[in-house]
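Asker: So TrEMBL says this about it:
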BINDING   Cys252, Cys254, Cys257, Cys262  Zn(2+) 1 binding site
BINDING   Cys252, Cys263, Cys290, Cys294  Zn(2+) 2 binding site
BINDING   Cys257, Cys290, Cys296, Cys300  Zn(2+) 3 binding site
BINDING   Cys394, Cys459, Cys461, Cys466  Zn(2+) 4 binding site
COMPBIAS  21-32  compositional bias 'Pro residues'
COMPBIAS  38-50  compositional bias 'Basic and acidic residues'
DOMAIN    115-173  domain 'Chromo'
DOMAIN    250-308  domain 'Pre-SET'
DOMAIN    311-434  domain 'SET'
DOMAIN    455-471  domain 'Post-SET'
REGION    1-65  region 'Disordered'
Amino acid sequence: MAAAGAEAPGGEGWRAAPRTVPCPPGKLPKPGKPGRNARSDRRATRRDIAFRATDTAAPRRAPRAPPCPRKEFYFLIVAWCVPCLVSLDTLQELCRKEKLTCKSIGITKRNLNNYEVEYLCDYKVVKDMEYYLVKWKGWPDSTNTWEPLQNLKCPLLLQQFSNDKHNYLSQVKKENHRALKPAVAEYIVKKAKQRIALQRWQDELNRRKTHKGMIFVENTVDLEGPPSDFYYINEYKPAPGISLVNEATFGCSCTDCFFEKCCPAEAGVLLAYNKNQQIKIPPGTPIYECNSRCQCGPDCPNRIVQKGTQYSLCIFRTSNGCGWGVKTLVKIKRMSFVMEYVGEVITSEEAERRGQLYDNKGITYLFDLDYESDEFTVDAARYGNVSHFVNHSCDPNLQVFNVFIDNLDTRLPRIALFSTRTINAGEELTFDYQMKGSGDVSSDSIDHSPAKKRARTVCKCGAVTCRGYLN
Ligand SMILES: [Zn+2]
Ligand SMILES: [Zn+2]
Ligand SMILES: [Zn+2]
Ligand SMILES: [Zn+2]
């Protein structure tokens, strides 16, 4: 299996999300000096304001904006009630006119009277002077201005612009040194917007997750942004009518769960972990962890899956046409718990119905809970965690285990993914979509299941032992 992505953890790749860099004034025209035309007027005012905002010795009020027409104010109110009907640009423009701050649309106290370059949109040379078209943070596109290179103090964004330009031009192999072709500028702006969208999504994922490991998002491959219909959850989301018991009926009273007759023994199985928190039982054997009724504390060696993902992982765009994938940013020891597979818990009949509706891609998110019965399925198509993005491989580095913690109903195990070997930082994580909790690939159960009506998906895992299909 190929290691995915060349970037080392902490490398430029996933940290390259655009940092807004204050763009301090260059050679400022004297305040009040009239400009030659409307555009240069605006630039003069802009620099003027930037200058005043940083000039703490002599604070002066920014010039008042012209009074806002009543009609526009009305639209502003409407905009707050129905934000989806008004573009971000319009909202920002109205806020600026009314001198209102609103963090969620990027207008803060700091940038209300100050100017930061959000990204660079275009480039040209006029009379041997280099100019960049600047998108100002918190200002709509209509207020973008051409600024001479010497006024721009944002080396990271200039570098980003240059990288994006070269990436694009390396594909078309035509370069014009005096001005960019519209297609190039368009690409650079799309790339900048994508970077901002992915950064927002990354922030949202990290706000929602309850586990220790951080989640990063990276796309150095194409213009694909965050998925539009995906919601991050940390645990199973049972469909109406399905109840997940959240308190076990039995708990141990060990003083040391590693040596005493503990919860696993009560269930008739071995303790799943060694002293190094590695799984030591063979695939197909269930894990019974200590639960909320147990006397032991959080450091009990039999509490691993319940603590959640400990590793920093990165959702990244694969370059081999497999869409999004997940790679680890840190080294993972062999036989270690990596992540849980979560999603909506639905009945198998409902899974069958959805399976008919889903395209090939959607079907691969259906995970049958077939540990002891085949009543339920986990559907991670719309609701899921990082595991939603983990690709299939016929030669995977993750292995599935059934886990029981507070819910001891054998029809509803939790699904945990453990490493089968040492996984180095930067390597893509994969599991075998056919290898359910039973421990091996049971092609029989696939052939005989009602799932055979589902369309088959060609596997692109590239493993020597590739079976050719995902389902
Ligand atoms: Zn115990
Ligand atoms: Zn216990
Ligand atoms: Zn315990
Ligand atoms: Zn394969």
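Cβ from N, Cα, C; glycine included.
Note: TrEMBL annotation is automatic and uncurated.
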Asker: Can you list the residues of the same chain, besides Cys394, Cys459, Cys461, Cys466, whose Cβ falls within 8 Å of the Zn(2+) 4 site's Cβ centroid?
Answerer: His392, Ser393, Asp395, Lys460, Gly462, Ala463, Thr465, Arg467, Gly468, Leu470
Asker: Quick one: pull the CA-CA distance for Cys394 (Zn(2+) 4 binding site) versus Cys290 (Zn(2+) 2 binding site), whole Å only.
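Answerer: Distance between the two Cα atoms comes out at 33 Å.
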Asker: Of the binding-site residues Cys290, Cys461, Cys466, which ones put their CB under 6 Å from ligand 2?
Answerer: Cys290
Asker: For the recorded Zn(2+) 2 site formed by Cys252, Cys263, Cys290, Cys294, name the remaining residues of the chain with Cβ within 8 Å of the site's Cβ center, in chain order.
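Answerer: Going along the sequence, the neighbours come out as Gly251, Cys254, Cys257, Cys262, Glu289, Asn291, Arg293, Gln295, Cys296, Cys300, Asn302.
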Asker: Under 6 Å from ligand 1 by C-beta, which of these binding-site residues make it: Cys252, Cys254, Cys296, Cys459, Cys466? Sequence order, please.
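Answerer: What lies within reach of ligand 1, judged by Cβ under 6 Å, is Cys252, Cys254, Cys296.
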Asker: Cα distance, Cys263 (Zn(2+) 2 binding site) to Cys461 (Zn(2+) 4 binding site), nearest Å?
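Answerer: Counting only the Cα atoms, the answer is 39 Å.
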Asker: Within the set Cys257, Cys262, Cys290, Cys294, Cys296, which binding-site residues show a CB-to-ligand 4 distance under 6 A?
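Answerer: The binding-site residues passing the 6 Å Cβ test: none.
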Asker: For the binding-site residues Cys257, Cys262, Cys461, Cys466, work out the Cβ neighbour count at 10 Å and name the residue with the minimum.
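Answerer: If we count Cβ atoms within 10 Å for the binding-site residues Cys257, Cys262, Cys461, Cys466, the smallest count is at Cys466.
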Asker: Would you mind sorting out which binding-site residues among Cys290, Cys294, Cys394, Cys461 put a C-beta under 6 angstroms from ligand 3?
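Answerer: Close enough to ligand 3 are Cys290, Cys294.
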Asker: In the same chain, which residues outside the set Cys257, Cys290, Cys296, Cys300 have their CB within 8 A of the centroid of the CB atoms that define the Zn(2+) 3 site?
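Answerer: Apart from Cys257, Cys290, Cys296, Cys300, the close residues are Cys252, Cys254, Cys262, Cys263, Cys294, Gln295, Gly297, Pro301, Asn302, Arg303.
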Asker: Express the distance between the Cα positions of Cys254 (Zn(2+) 1 binding site) and Cys466 (Zn(2+) 4 binding site) as a whole number of Å.
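Answerer: Given the Cα positions, Cys254 (Zn(2+) 1 binding site) is 46 Å from Cys466 (Zn(2+) 4 binding site).
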Asker: What is the total of other Cβ atoms whose distance to the Cβ of Cys459 (Zn(2+) 4 binding site) is within 10 Å?
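Answerer: Its Cβ shell of radius 10 Å holds 20 other Cβ atoms.
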Asker: Tally the residues of the domain 'SET' (311-434) by DSSP class, grouping H, G and I as helix, E and B as strand, and everything else as coil.
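Answerer: Summed by class, the stretch gives 18 helix, 51 strand, 55 coil.
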Asker: Using Cβ-Cβ distances, find the residues under 8 Å from Cys263 (Zn(2+) 2 binding site) that belong to the same chain and are at least 6 apart in sequence, listing them in sequence order.
Answerer: Phe250, Gly251, Cys252, Cys257, Tyr288, Glu289, Cys290, Asn291, Cys294, Asn302
Asker: Where does Cys263 (Zn(2+) 2 binding site) sit in the DSSP three-state scheme?
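Answerer: Its secondary structure by DSSP: helix.
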